[in-house]
Amino acid sequence: MKTTGGSDDQKRRAAERAADLVSAGETVGLGTGSTAAFAVRALGRKLESGELDGVRGVATSFASRQLARDSEIPLLDLDEVETIDIAIDGADRVDSDGNLIKGGGAAHAREKVVDAAADRFVVVADPSKVAETLDRAVPLEVLPAARTLVSGRVADLGGDPVLRTAERKDGPVVTDNGNLVLDCDFGAVEDPESLADDLSATPGVVEHGLFVGLADEAYVGTEDGVDVRTY
Ligand SMILES: O=C[C@H](O)[C@H](O)[C@H](O)COP(=O)(O)O
């Protein structure tokens, strides 16, 4: 799994503390990325020790499903769940109001479905993800045939869209849903709600990586503990 941002110790502290929030019998949204992976592994260990009987996971990506299987977490398909008790997921940026940019791993479409459905959505992060404003490119998952038109609309909105390419393949990143990703630099996003509305209203955009007003808490791992923020 690709590692980004701060130290693994910071990520692990945040994620393991968040995993402690899960109770026996709960349905848990399993986030994607290097930070959420620590939570998935921690849940697997708790299940193995008998601490979390009846817990079932809902994966947010191919990668999180695979990790959950390796960790022997029983899984429910996303299309069969009606409620999710808690979701634990990473982020690429967390602003002071708990708004997020997600999608560094191109998983934000399914992540948003799961995270938004959860009764409690806990973000796990290291300090490198925390900023006053969302100052990072916003990933858009787009229908392949719509990418040129969507790019034009992004430019009209003041953004600079770049097609995400794969590191170990000649060509673009293709999401778990068979779509492409445009990383759209809008500079610092001063009004995430308004930009999220504009992007949601753009035909061809399957989902954008702005998560506005969805997070209930952020657990930020530090050098010696976990900084808990509630929104
Ligand atoms: O698509 C990927 C997700 O939104 C990740 O949760 C996000 O990119 C953070 O990943 P990481 O914990 O590896 O920095």
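Backbone N, Cα and C atoms are what each Cβ position is placed from, and that goes for glycine too.
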Which of these, Lys129, Lys169, does TrEMBL say binds substrate at the same site as Thr32, Gly33, Ser34, Thr35, Asp89, Gly90, Ala91, Asp92, Lys102, Gly103, Gly104, Gly105?
-> Lys129
According to DSSP, which of helix, strand or coil covers Asp89 (substrate binding site)?
-> strand
For the recorded positions Glu111, Lys129, which one has its C-beta crowded by the most other C-beta atoms within 10 angstroms?
-> Glu111
Smallest number of other CB atoms within 10 Å: among the binding-site residues Thr32, Ser34, that is Ser34
